[in-house]
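Structure, as C-alpha cells:
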Amino acid sequence: MDQSRIRVLASSVEQYIQPVAKVLMRNKHLTAIRDGFQLAMPFIFVGCLFVPILFPPFKHASNAFASAWLDLSYSLGKILLPTYQLTLGVVALIVSFGVSSSLAKQYQLPERLSGLTGGMAFLLLSGFYGDRSEGFEYLGGAGLFTALIGAVFAVEVIRLFVKQGWIIKMPEEVPILTQQSFKLILPITAVMLSISIFNALVEARFGLHFPQLIEQLLTPLVLASDSLPALLVAILICQLLWFIGIHGSLIVTGIMNPFWMSMLLKNQEAYEAGAAVLPHIFLQGFWDFFLLIGGVGSTLPLVYMAIKSRSHHLKSVGKVGAVPSLFNINEPILFGFPIILNPLFLIPFVLVPMLNATIAWYLTQFGILDRALGIIPWSVPAPIGAMWTGNGSLANGLMVILAMVNSYFMYLPFFRSHEKVLLEQQKERAKKSAPCADIRIGLGLRLVA
C-alpha cells in the first residue's frame, strides 16, 4: 500500500470515527460505568492477589516446591478466604455504589445518598426480600449487569423527581445534609416501591428473579464477547481511536469491564470446582498483558529501536520513553515518534496487537497457554502480569516474549522508513547550520586579529 493510500485511509479514520468516539466519551452513562469499575478496582486487585494461594495451579504435589505451595494454601486458606469473599465476592455491590454516585455527580445530585440508593436498588433487584437468600450469590460477578441496571435506574428516578420538583423542601436554616436527606425521601420511596412491584411482576410472569432473567438474556451476548471476532473488533476500535488521539482504551474497557468481570468470576468458580478447562479466554489479563506490551500497540520493541537509532530525535524519544514503557505507559512514544496521526505507522499500529491476539487466542484454545484466574494493575510489566493472571503460568510469560519478537519484526520496516525521513531532515538541518558556523568562526578570527 503506497503512501497516498495510507494518508487517505488515515484521513477517513479521523473524519468518520472521531465524531462517534467523542459522543461515546461524553456519554454520562458510559462515564458512570467506567467510574464505577475504577472505584471497585482496588478491591478487585486485593481479592485477586490471594487467588494463587487460595487456588494453587496444581492439585497434587510433584516436587518440593509444589508441596510447599499446597501446604501454604492449606494453612492460609481459611484465613485469606474471607478477604477474597468480601472483595470479589461483593464486587457488584461496590460497582452499583460507584456507578450511581458518579452519575449523580454528573447530574449535580447528592452523590453519597444517590450512591447508597443505587446500592439499595441493586440489593432489592437481586432478591434480598422476604425469607429468600438467593440474593447473596449475585453480590459478586454474577450480579454485575443487575448492579448496573439498578444503579442507573435509581439515579434517573432521583433526577426525574428533582427536575419535576417532587421533593420535600426544607427551610434554608436547616443543615445541608438534612436538606438533602429530606430532599431524597420521595425519590427513594419511589425507587424501592417500583422495584418491589417490578420484582413481583417478573416472578409472576417468568418464575425467576430479575438477575436470573438477565443471565438468560445476556448469555448469548457474553458468549459472543468471548470470541476471536469480538476480540479483534475491540482491538481495531481501540487502535483506530488512539491513532486519532482519543483514549480508545477507556472506551473499549468501559464497555468490556462488565463482561470481563463476570467471566473472570466464572473462571474462578470453575477452577475451584475442579474443571479441567476454564470457560473463558478473553479477559482483562489477556488484553492487558498479551496486547499492550509497553503500552497500546505493543510498542516496547520500538523503544529499543529508537535508542539504537542514528536519528537524534528518535534516540532522545527512546531514552525518555524507556522506563515508562516497561510499565506499559507509552504516551512519550505515541506522541514523540509520533505514531498518532502518522500515516506511516497506521498499519503496524493496528495489525501488531491483532496478530499477537490471534496467536495467543489459538495457543490458549489448544491448552498451551493458561486462562486468566486473576486481575492485577495493567502497569505491571507484561511478562510478570501475564504469569500472575494465569495463576503462575510460565507459558503465559513466554507468550509475551514471543509477542515482543513478532512486534519487533512487524514494526521494523516501518521504523526504518520513518528513521530514513528523520535522518534526511537531520542532514538538511546540519547543512543549513554549517554556513552559520563558518560565519561565526570567521568573525571570531577577525576579532582576534
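For all residues, glycine too, the Cβ spot is worked out from N, Cα and C.
Among the features that TrEMBL reports, domain 'PTS EIIC type-3' is placed at 13-414.
Among the features that TrEMBL reports, transmembrane segment is placed at 36-55 (among others). Sequence-remote contacts of a segment are chain residues at least 6 beyond its ends whose Cβ falls under 8 Å from one of its Cβ atoms, and for the transmembrane segment (36-55) they are 72-73, 76-77, 80-81, 83-84, 87-89, 91, 94-100, 102, 148, 151, 254, 257-258, 261, 268, 271-272, 373-377, 388-389, 391-392.
Per TrEMBL, transmembrane segment is recorded for 79-101 (among others).
The transmembrane segment annotation in TrEMBL covers 113-130 (among others).
Taken from TrEMBL, the feature transmembrane segment covers 142-162 (among others). Counting same-chain residues at least six beyond the ends of the transmembrane segment (142-162), those with a Cβ under 8 angstroms from any Cβ of the stretch are 29, 32-33, 36, 91-93, 95-97, 99-100, 103-104, 107, 109, 114, 117-122, 124-126, 183-184, 186-188, 190-191, 194-195, 210-211, 214-215, 218, 258, 261-262, 265.
As annotated by TrEMBL, transmembrane segment applies to 182-202 (among others).
According to TrEMBL, the feature transmembrane segment maps to 230-256 (among others). A Cβ distance under 8 Å defines the sequence-distant neighbours of the transmembrane segment (230-256), meaning residues of its chain 6+ beyond its ends; these are 10, 13-14, 17-18, 21-22, 24-25, 30-31, 33-34, 37, 224, 282, 284, 287, 291-292, 296-297, 334, 339-341, 346, 349-350, 353-354, 357-358, 361.
Look at TrEMBL and you will find 289-307 (among others) tagged as transmembrane segment.
As annotated by TrEMBL, transmembrane segment applies to 333-352 (among others).
Taken from TrEMBL, the feature transmembrane segment covers 359-380 (among others). Residues 41, 44-45, 48-49, 51-52, 55, 57, 228, 231, 264, 267-268, 271, 277-278, 280-286, 288-292, 327-329, 388-391, 393, 395-396, 399, 402-403, 406 of the same chain, all 6+ positions outside the transmembrane segment (359-380), place their C-beta atoms under 8 angstroms from a C-beta of that stretch.
Sequence-remote contacts of a segment are chain residues at least 6 beyond its ends whose Cβ falls under 8 Å from one of its Cβ atoms, and for the transmembrane segment (392-412) they are 52, 57, 289-290, 293, 298-302, 304-305, 348, 351-352, 355-356, 359-360, 363, 368-370, 382-384, 386. Under the heading transmembrane segment, TrEMBL lists 392-412 (among others).
Beyond the transmembrane segment (113-130), the same-chain residues lying 6 or more positions past its ends with a Cβ under 8 Å from any Cβ of the stretch are 92-93, 96-101, 103-104, 138-139, 143, 146-147, 149-155, 158, 180-181, 184, 187-188, 191-192, 195-196, 198-199, 209-211.
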